[in-house]
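The next block holds one structure in the form of structure tokens; read it before the comments.
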Amino acid sequence: MAKKALVNKANRKPKFAVRAYTRCQRCGRPHAVYRKFGLCRVCLRDMAHKGELPGVHKSSW
């Protein structure tokens, strides 16, 4: 319940613009969020492995 409240709080427009921060759209994690995808590193990796993100694949060399 606390996480939902924090997600709702992050979605509101803050009084000052510098107080705004990004959260993962999938799980609500506040750290390590990629702006391009709107996902945290954990969800990004998970979705990339499942093939749910078009154009993203694991590189190997």
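Each position is counted from 1, following the chain as shown.
Quick reminder: no glycine exception, Cβ is built from N, Cα and C everywhere.
According to Swiss-Prot, the feature Zn(2+) binding site maps to Cys24, Cys27, Cys40, Cys43, an assignment based on sequence analysis.
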- Would you list, in sequence order, the residues of this chain other than Cys24, Cys27, Cys40, Cys43 that have their CB within 8 A of the centroid of the site's CB atoms, where the site is the one recorded for Zn(2+)? Arg23, Gln25, Arg26, Gly28, Arg29, Val33, Leu39, Arg41, Val42, Leu44
- Query: Which has the fewest other CB atoms in a 10 Å radius around its CB: Cys24, Cys27, Cys40, Cys43, the listed binding-site residues?
  - Reply: Cys27
